[in-house]
């Protein structure tokens, strides 16, 4: 399941890929079951006023509900939650590098997906094909 995060979670892109266990606590439609969501984007201006904000997908939001009450929970809007950072577990998925459509001969961008563990990548290096033995570190943009 996925969520956009406020600035304290998204961290200018460095928080992208982190997994959190989230449980709602303030609505009768809340179940006792937490959901695990991965930060995939930064939420818009509406979440700048809170120190921590998860903008959960509809699927993740509904999964926190008592069975049959998912639409009631979705219409509630803002909820009080408990959350904690957890390790990501993508089971049989392996790390995927998706080349950005805007890449060209002078600019290369890639999205790294399915990073197990804490979801953080320490370093990615590239080697130019054919004419180089030098590995070049990529930088976050």
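Even glycines carry a Cβ here, placed using N, Cα and C.
What TrEMBL says about a protein is an automatic prediction, not a curated fact.
Break the domain 'Expansin-like EG45' (1-93) down by DSSP state and the numbers are 23 helix, 30 strand, 40 coil. Per TrEMBL, the feature domain 'Expansin-like EG45' maps to 1-93.
Look at TrEMBL and you will find 106-141 tagged as domain 'Expansin-like CBD'. Model confidence over the domain 'Expansin-like CBD' (106-141) stands at 83, taken as the mean pLDDT rounded to a whole number.
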